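Student: Pasting the feature list from TrEMBL:
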type: TRANSMEM; residues: 14-34; note: transmembrane segment
type: TRANSMEM; residues: 95-114; note: transmembrane segment
type: TRANSMEM; residues: 134-161; note: transmembrane segment
type: TRANSMEM; residues: 182-209; note: transmembrane segment
type: TRANSMEM; residues: 324-345; note: transmembrane segment
type: TRANSMEM; residues: 365-384; note: transmembrane segment
type: TRANSMEM; residues: 424-447; note: transmembrane segment
type: TRANSMEM; residues: 468-493; note: transmembrane segment
type: TRANSMEM; residues: 499-520; note: transmembrane segment
type: TRANSMEM; residues: 564-586; note: transmembrane segment
type: TRANSMEM; residues: 592-610; note: transmembrane segment
type: TRANSMEM; residues: 669-702; note: transmembrane segment
Amino acid sequence: MMGAVLLSEFATEIVVPVCAVIGIAFSLVQWLLVSRVKLNPERHASGNSNKNGYSDYLIEEEEGLNDPSVVTKCAEIQSAISEGATSFLFTEYQYVGIFMVAFAILIFLFLGSVEGFSSKSQPCTYDKEKTCKPALATAIFSTISFLLGAITSVLSGFLGMKIATYANARTTLEARKGVGKAFIVAFRSGAVMGFLLAANGLLVLFVAINLFKLYYGDDWEGLFEAITGYGLGGSSMALFGRVGGGIYTKAADVGADLVGKVERNIPEDDPRNPAVIADNVGDNVGDIAGMGSDLFGSYAESSCAALVVASISSFGINHEFTAMLYPLLISSVGILVCLITTLFATDFFEIKAVKEIEPALKKQLIISTVLMTVGIAIVTWVGVPSSFTIYNFGDQKVVKNCDAPNFVRLGKVRTFNSSNSDRQLFLCVGVGLWAGLIIGFVTEYYTSNAYSPVQDVADSCRTGAATNVIFGLALGYKSVIIPIFAIAISIFVSFSFAAMYGIAVAALGMLSTIATGLAIDAYGPISDNAGGIAEMAGMSHHIRERTDALDAAGNTTAAIGKGFAIGSAALVSLALFGAFVSRAAISTVDVLTPKVFIGLIVGAMLPYWFSAMTMKSVGSAALKMVEEVRRQFNTIPGLMEGRAKPDYATCVKISTDASIKEMIPPGALVMLTPLIVGTFFGVETLAGVLAGALVSGVQIAISASNTGGAWDNAKKYIEAGASEHARTLGPKGSDPHKAAVIGDTVGDPLKDTSGPSLNILIKLMAVESLVFAPFFATHGGLLFKIF
């Protein structure tokens, strides 16, 4: 033993599942509170306690609070959106299910063939003197954990979509009583999704580790290698969810905006627009279900990367269970921290005015980060031994307590004597956590219309769409600078302290407040839907103003959420890359060797190829949507006058068909690349591909997300007309406004399809390479073997 830990193994076995159960219980409590808002007019109580400083009676008269037809309309629209989203996800999951089974068989065949499907024990990969479980066991258990990860990912997305479609109309109805009430419903609903996802992800992983341990016993190297399938399952489902959902939502959005706003000059979410239901369904399947699966994937992979590296370090070699589960303990404390943070938004402070919405959401990020810093310090103090070694590319990096710092290298052991190893690991997680906050705030600065970058983009609309596009692209490129420095510093600090394990826990630090991050993120699409429902139900312009204010804040928070997802993806991908290099027994990745360099340059090209596929998919789907919306306006008599109802179902069908068909090629590109490169060109070239994709993918993802977010909020800035400057550009329907709508439409596929999907590309290729590493190391590089 290299140093005892304060938290016993028994206590760890209790703490992790208890925190997960608390998270699930809290999400159910939030859901019950949301369900108190009734969608049937008879039972709607008017005597709700009001903290907004008005008497209930006056508000009821002004906003038609007792008008049963409004409630009925809202309920009808909500059920249409819910049905559309559910039917799309079921269709998507049928296709994804086939892929899931096929890929599970592939994992079994590839990994089983490493030792020719032998069931005999074999020498361990990292310590040849010990015997480990056969490769066949790794194949079976990797396949099981892949399926577990995939099912949990699908479930995360589906539950998120269900709560979002449950809450959207309730948010609209609460907006009649004031912006504070509506904010609380939208935020609580987001919290349901955030806590369910964080707790489910943690609980399933914890149970899987304990069940696998029954078979593996002391062979922790094999156990945690098999667990990596969990991350692969999570991310592969997320890829299809993000791409499919992103194509769906943007085809509808672009079609609705171009014909409705630009050609016909009708408001956003006008019930006369045939694509309006498809647009609102899209918010739920893309921004909610897709994003839920995506962040679950990041969480699963960062946990797996840390566990794999720890299992071949002293934690795993000495069977220190508490230290081994350090990544899960961080996530457990994260759930408790986010629970306290959520109460600040829903119970401790009341929002009374529109201008308080965005600060309240930003406070969530700050409070959760500050509290989590304390949480990490406590977990590190009780859960990590005073000295330990970390596997570092064939070396064991030893961190010890000693008076004088010095550096020795003896044989295969690197000894770093430092004052306190606990503090070093705490800094690794902390630097990731705070880098996440910095990325969040930089993203907010570049995408919120409260600051000059977006206002400059809005101002450029005076001279037409072309200058708007130029300014928007420049903003996106510029917004990459600070996040990349933040990621670079966290990589340097965490690697210096604890090698690849440090990078893995830094990624976990960034994701430790995932429940709050998701609550903030899911709040956006719920508010967007609420505004759409208010417009379609014909509610007064006061209510639309309130939901628009919620939505504008939601747009910025969605951009912050994407920033988090991309930043954590970069760290996760690098940690997985390190684990892959170790597992594939590559001593160095030398850029000067042609094998590696060709991989590097091809890898850097992949994000462009992937973006081209997803953007073109949105474009071709939007083309069909625009033609259909135009056809309905031209052929249905009385549609523009509001006397006839549009055919919503056809537009929903166009989006569904297009997204199912179009999600397959980009998905295949990402899933097949590591398999083809590893099998035919070998592990060195694959290492180059992973590095290239990581380096270029992060930049494109950040710039695409921020450009799209800025264009969207520039349009909203002009529409809201809240400042003197904004009023000179408006009103709706003016030339600058039309230029802003075109910018927003160009940005839609960037911010909601290509950008967010790219972070999955870099993570997924890395985790897939890690899972298949035993096969590539044994049988890979066929072409180089032939020639």
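Cβ coordinates are placed from backbone N, Cα and C, and glycine is handled just like the others.
Thinking about packing and proximity, how do these listed features fit into the structure?
Tutor: Only residues 6 or more beyond the boundaries of the transmembrane segment (134-161), in the same chain, are considered here, and those with a CB under 8 A from a CB of the stretch are 85-86, 89, 93, 96, 100, 103-105, 107-112, 114-115, 117-122, 193, 196-197, 200-201, 204, 208, 212, 215-216, 222-223, 225-238, 241, 284-285, 288-293, 296-297, 300, 522, 771, 774.
Here the transmembrane segment (182-209) has long-range neighbours at 16-17, 19-24, 26-28, 30-31, 33-34, 37, 145, 148, 152, 155-156, 159-160, 163-164, 166-167, 170-172, 174-175, 223-224, 227, 230, 234, 288, 292, 295-296, 299-300, 303, 307, 325, 328, 331-332, 334-335, 338-339, 342, 345-346, 351, 357, 360, 514-523, 526-527, 530, 546-547, 550, 554, meaning same-chain residues at least 6 beyond its ends whose C-beta is under 8 angstroms from one of its own.
If one looks beyond the transmembrane segment (324-345) by at least 6 residues along the same chain, the residues whose Cβ comes under 8 Å of a Cβ in the stretch are 7, 12, 15-16, 19-20, 22-23, 26, 30, 184, 187, 191, 194-195, 198-199, 201-202, 205-206, 209, 220, 299, 302-303, 306-307, 310-311, 315-316, 360-361, 363-364, 367-368, 371-372, 375-376, 378-380, 383-384, 425, 429, 504-505, 508-509, 511-516, 519.
Residues of the same chain lying 6 or more positions beyond the ends of the transmembrane segment (468-493) and with a Cβ under 8 Å from any Cβ of it are 427-428, 431-432, 435, 438-439, 442-443, 446-447, 453-454, 456-457, 460-461, 502-503, 506, 563, 566-567, 570-571, 574, 698-699, 702-704, 706-708, 710-711, 714, 739-740, 742-743, 746-747, 750.
Sequence-distant contacts of the transmembrane segment (499-520) (same chain, six or more residues past either end, CB-CB distance under 8 Å): 23, 187, 190-191, 193-195, 197-199, 291-292, 295, 298-299, 302-303, 305-306, 309-310, 313, 326-327, 330-331, 333-335, 337-339, 341-342, 361, 364-365, 368-369, 372, 375-376, 390-393, 397, 424-425, 428-433, 435-436, 490-491, 493, 557, 560-561, 564, 567-568, 571-572, 574-575, 578-579, 582.
Outside the transmembrane segment (564-586) by six or more residues, the chain places 125, 225, 228, 231, 291, 294-295, 298, 301-302, 304-306, 308-309, 312, 391, 393-394, 432, 435-436, 439-440, 483, 486-487, 490-491, 499-500, 503-504, 506-507, 510-511, 517, 683-684, 686-687, 690-691, 694, 698, 701-702, 705, 755-756, 758-760, 762-763, 765-767, 769-770, 773-774, 776-777 with a CB less than 8 A from a CB of the stretch.
Sequence-remote contacts of a segment are chain residues at least 6 beyond its ends whose Cβ falls under 8 Å from one of its Cβ atoms, and for the transmembrane segment (592-610) they are 666, 669-670, 673, 677, 681-682, 684-697, 700-701, 754, 757-758, 761-762, 765, 784.
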Student: Six or more residues beyond either end and a Cβ under 8 Å away: which residues meet both conditions relative to the transmembrane segment (95-114)?
Tutor: 135-136, 138-140, 142-143, 146-147, 150, 154, 229, 232-233, 236-237, 240-241, 660, 664, 667, 671, 675, 771-772, 774-775, 778-779
